[in-house]
Amino acid sequence: MDHSGAAMMEAGGAPTRKESGRLPSRHGSHPHGHSGLARTAHGMSSSSLRKKSDATLVRKVPVASLRPVLANLQEVLLGTKLAVLFLAVPLAIAAQCFRFGQVWVFALSLIGLVPLAERVSFLTEQLALYTGPTIGGLLNATCGNATELIIALFALVEGKIEVVKCSLLGSVLSNLLLVLGTSLFCGGIKNLGSEQPYDRKQADVNTGLLVLGVLCQSLPLLLRYAVSSGEHAVATDTTVLELSRACCFIMLLAYVAYLFFQLKTHRQLFEPQEVEGGDEEEEEAVLGFGSALFWLILMTVVIAVLSEYVVGTIEPTSKSWGLSVSFISIILLPIVGNAAEHAGAIIFALKNKLDITLGVALGSATQISMFVVPLSVLVAWIMGIQMDLDFKLLETGSLFISVLVTAFTLQDGTSHYLKGVLLLLCYVVIGACFFVTRQPAHNANSNGILLDVPIGPMNVQIA
C-alpha cells in the first residue's frame, strides 16, 4: 500500500501494525506453536468473499473531513463481492412500507440477509483483532449464527414455534449435508488427481457434540411415545417441558466446555493447517474499534428488521408458492440465510483446504444444535411460551440419520467426490420428503405439546 493509502486507513480509524501495540500479531508466540490470534474457519471462509477497497476515489474528495467517513462506508458496504445484494435491503423496506405484496417482502428480505450475514462476520473479525483470541473466539461463537438466532427470536415473539424449530433444524441439516456435501464434491472434482486430507480430530469433536444434541432432542419425543403406549402414564405435558429444559442446560454446559476446549486447552486442533503454496495474508485491521462496534450494532438492527419481515410473511408466501411452512423453514431459509458462509466453504474446498471447510460446516452445525436451539427453548421459557425439544418424529429422525451419515463419511481423514455425492443425495431425499408433506395451516403456530400421539400408522397429507 502506498503512503497516501496508508494515510487513508489511518483516517478511517484503523491503526497500522507498526503504530499500535494493541493489535496482536497472527504469527505471535503461542504455547502450541500457533498464532496468538489464529483466524477461525468461519472468518477465513467469509474472507474469501471480500475484496480490497480502492481509496483512489476517496482521495479525490475535496472536503478532507468527509474522507474518513467515505473511506469507512466504502470498506463496510463495498468491501465484499456481495455488495450488489445490499440493494435488496432498501427494496424490502420499501416493499413493506408501500405494501407491494408480502411475497416480495419475503423474497427481498431473504436476499438482503445474505450480504448482512457476511458483513457481521467481517465486523466480528475486526473486533477480534482488538480484543484478543479468547474474546474474539467468543464473539465468533456468539455472532457466527446471528441471523438464525434473530429469526428464531422474532418467530418466538409471534408464537410461531414450528417456524423456530424447523428453521434451526434446517440450518443443521444444511450445514451437514448441503454445504459439506457440495464442498467435498466440488473439491473432489477440482483436485481429482491429488490427495485431499483433513484433520479428523476436529471432526470427531464436533460429531460427538452433535450426537449429544440429537440425544437431548430425542428424549422428549421418546417420552411422548412412552406415555402414549401407557408405559409411563404419570408423565404430563409439564414433565416433557421440564425434561426439555433440563436437556437444554446440559447442552449449554457441553457447549461452554466445547468453547473452553476450542479456545484454551486444544486450540491447535481448530486452527486450519498450513497448505503448501498457500497464499493467506496476515489479517489487518481496516476499521477502528469504535467504527467496527457501531457497524456491528447497525447491521444487527437491520438483520432484526429483515428477520421480522421474513417471519411475518412466511405463511402468506407458503400459500402463494404452494409450499409448506416446514419446507420453506427447513430448506429455503438456511440456504439463503447462510449463502455467503456456504460459498466461502466451497471456495476453500476447491483450494484443497478442507480443514477450513469442515470448520465452517461442522462448526456452524454445532453452534446451532448446542447453543442456539437450547437458548431458544430457555428464552421461550422466560417469555412464558411452552416450547420443548420435541422436533417431531420425521424431523428428529432426519437429524439423527444426517449426523450418523456425516460421522461415517468423515471417519478416515481423507476426502473424494463420492463422499460429497452421498451427502448431497441424503439432503435431496430429506428435502423431497418435506416438499411433499403438507402441514395444515393451523399447526404452523403449534408447539405440538399434546400427548395424544398415535401408536399406529401415521396419516400424512401428500401433495
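Cβ atoms are placed via backbone N, Cα and C, with glycine included.
What you are looking at is a predicted structure, and each value in this text was computed from that prediction instead of being measured.
The annotation compositional bias 'Basic residues' is assigned in TrEMBL to 24-33.
Annotated domain 'Sodium/calcium exchanger membrane region' per TrEMBL: 103-263 (among others), in sequence order.
The feature domain 'Sodium/calcium exchanger membrane region' is assigned by TrEMBL to 292-430 (among others).
Annotated region 'Disordered' per TrEMBL: 1-53, in sequence order.
Summarising the annotation, TrEMBL assigns transmembrane segment to 76-93 (among others).
Per TrEMBL, the feature transmembrane segment maps to 100-117 (among others).
Annotation comment: TrEMBL describes 137-156 (among others) as transmembrane segment.
The transmembrane segment annotation in TrEMBL covers 168-189 (among others). Below 8 angstroms of C-beta separation, residues 145, 148, 152, 196, 210, 329-331, 333-335, 337-338, 342, 345-346, 348-350, 352, 354, 357-358, 360-362, 364-365, 368-369, 372-373, 376, 391, 395, 398-399, 402-403, 405-406, 415-424, 426-427, 430 of the same chain, each at least six residues beyond the ends of the transmembrane segment (168-189), sit close to that stretch.
For the transmembrane segment (209-227), the list of distant contacts is 172, 176, 233, 235, 239-240, 243-244, 247-248, 250-251, 254-255, 258, 362, 365-366, 369-370, 373-374, 388-393, 396, 399-400, 403, 406-407, 451, 453, 455: same-chain residues at least six beyond its ends, Cβ to Cβ under 8 Å. The transmembrane segment annotation in TrEMBL covers 209-227 (among others).
A Cβ distance under 8 Å defines the sequence-distant neighbours of the transmembrane segment (239-261), meaning residues of its chain 6+ beyond its ends; these are 137-138, 141, 205, 209, 212-213, 216-217, 219-220, 223-224, 366-367, 369-371, 373-375, 377-378, 381, 386-390, 449, 451. Per TrEMBL, transmembrane segment is recorded for 239-261 (among others).
Sequence annotations record features per position, and here TrEMBL assigns transmembrane segment to 292-311 (among others). Using a Cβ-Cβ cut-off under 8 Å and counting only residues 6 or more beyond its ends in the same chain, the transmembrane segment (292-311) has close neighbours at 76, 89, 92-93, 96, 105-106, 109-110, 112-113, 116-117, 119-120, 123-124, 126-127, 130, 143, 146-147, 150-151, 154-155, 158, 160, 163, 333.
Residues or ranges marked as transmembrane segment in TrEMBL: 323-350 (among others). Proximity of distant same-chain residues to the transmembrane segment (323-350), defined by a Cβ-Cβ separation under 8 Å and at least 6 residues beyond the stretch ends, is recorded for 42, 44-49, 82, 110-111, 113-115, 117-118, 121, 147-148, 151, 162-163, 166-167, 169-171, 173-175, 178-180, 182-184, 186-187, 190-191, 310, 314-315, 317, 356-357, 360-361, 364, 395, 431, 434-435, 437-439, 441, 444.
The annotation transmembrane segment is assigned in TrEMBL to 356-381 (among others).
Here TrEMBL flags 417-437 (among others) as transmembrane segment.
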